[in-house]
Amino acid sequence: MARYWNFSAGPSALPEAVLKQAADEMLDWGGSGMSVMEMSHRGKHFTQICNEAEADLRELLNISDEYAVLFMQGGATAENAIVPLNLLATRPGQSADFVVTGIWSTKSQQECQRYGKSNVAASNRAETVIDGKTCAPGTWMPLPNSWQVNPEASYLHLCSNETIAGIEFADWPLMADLGAPEVALVVDASSHFLSRPMDVSRTGMVFAGAQKNAGPAGVTIVIVRRDLIGHALPICPTAFDYTNVARERSMYNTPPTYAIYIAGLVFKWLKRQGGVAALEQANIAKATALYNRLDRSDFYRAPVHPFARSRMNAPFFLKDGSLDDAFIKGAEQRGLMALQGHKTVGGMRASIYNAMPMEGVQALIDYLDEFEQANG
Ligand SMILES: *Cc1c(COP(=O)(O)O)cnc(C)c1O
């Protein structure tokens with residue numbers, strides 16, 4: 001059996017230790033005589049699994065009791081609808097602000113517009129000049145002190161890691177510093193969730209589809225401040241109303257039990273690694289090594305301005321795009337998989353989430369050297 005290095009943006013690599021444990025427990029979880037997949041979501045075994053997952057996540061991100069932790073379905077795309085359905089009416093103006101920095105935040109705003117009003121508080125959709133260097137649209141990020149937040153907005157949506165363009169907001173702003181203390185910060189953290197310490201206390205809510213960095217597809221993790229719950233629009237489906245989901249502790253209807261179980265194993269694995277602070281150090285080392293190699297010659301080009309570069313998703317181009325197919329083919333022959341860029345961007349993208357060890361990044365760097373030597 002061969003396990004390749006998987007650079008997919010999502011679903012993506014999971015820690016091997018997690019997959020092995022799941023295999024060991026497949027037929028009989030903890031002496032229950034059944035697979036987690038076969039258990040009642042209301043039985044004592046699954047209740048234990050779900051409670052432990054929540055407790056471990058709270059510990060990893062230092063989440064206070066002021067926040068509910070929900071395990072939902074529909075991915076981050078459904079959450080783009082679920083958020084406005086639940087939060088637009090938290091304030092009388094029923095409008096939301098958006099920081100538009102790529103495809104995911106654009107989609108979030110479009111979805112919100114189906115249910116209410118929205119404004120663009122900041123965007124990177126135009127060219128700009130930073131430190132004398134011209135940056136193409138989408139290759140930089142607007143710093144929070146430039147955002148024009150409507151102080152009457154119900155919430156401000158930020159995608160803190162744009163998975164496709166590879167742009168990452170390292171720190172989340174304090175809304176009071178933006179002159180909008182009453183506006184709840186809503187963060188789509190799908191593609192860097194648990195890759196670094198994150199200050200949940202600055203937010204009204206954080207959500208993440210698990211399949212990028214926290215588990216398998218099928219579960220969306222929602223962390224929402226309890227005072228924001230209870231304001232759903234009348235058209236909000238009952239299964240998506242945070243009031244119901246929070247009251248029933250994610251058991252309003254059948255939750256994605258197996259995905260929650262695997263995410264719970266990932267949380268335990270993260271704790272064994274030393275938590276998110278330790279993961280952050282490993283992620284800095286991996287990203288630094290990869291971007292340094294990409295920047296070393298003009299054979300490759302990483303388009304995002306260094307201050308905005310994502311530690312998780314590194315898009316890059318070959319100077320000579322006619323070599324793209326040969327690059328991908330050679331990579332696959334070496335077991336370096338899923339390096340094609342997103343279809344809207346082209347080129348390459350290496351996603352190096354928590355489960356990708358330095359060894360895998362080094363294998364990619366060695367291949368980048370080798371391919372340049374053969375074709376440069
Ligand atoms: C992948 C992704 C989404 C969409 O996730 P789905 O689970 O496919 O709905 C939304 N936002 C971000 C930042 C993502 O990376």
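The backbone N, Cα and C atoms fix where each Cβ goes, glycine too.
On the 0 to 100 pLDDT scale, the domain 'Aminotransferase class V' (5-364) averages 97 in this prediction. Per TrEMBL, domain 'Aminotransferase class V' is recorded for 5-364.
The DSSP secondary structure for R42 (L-glutamate binding site) is coil. The Cβ of R42 (L-glutamate binding site) lies under 8 Å from the Cβ of M251, each on the same chain and at least six residues away in sequence. The L-glutamate binding site annotation in TrEMBL covers R42.
Sequence annotations record features per position, and here TrEMBL assigns pyridoxal 5'-phosphate binding site to A76, T77, W104, T163, D188, Q211, N253, T254. Listed in sequence order, the residues of the same chain lying 6 or more apart from D188 (pyridoxal 5'-phosphate binding site) and placing their CB within less than 8 Å of its CB are A76, E79, N80, W104, S105, S108, H157, L158, C159, S160, F207, A208.
Per TrEMBL, the feature N6-(pyridoxal phosphate)lysine maps to K212. K212 (N6-(pyridoxal phosphate)lysine) carries neither a helix nor a strand DSSP state and counts as coil.
Cα-Cα distance from T163 (pyridoxal 5'-phosphate binding site) to K212 (N6-(pyridoxal phosphate)lysine): 9 Å (rounded to the nearest whole number). T77 (pyridoxal 5'-phosphate binding site) falls within a helical segment according to DSSP. In the three-state DSSP reading, D188 (pyridoxal 5'-phosphate binding site) counts as strand. Separation of the C-alpha atoms of K212 (N6-(pyridoxal phosphate)lysine) and T77 (pyridoxal 5'-phosphate binding site): 13 Å, rounded to the nearest whole number.
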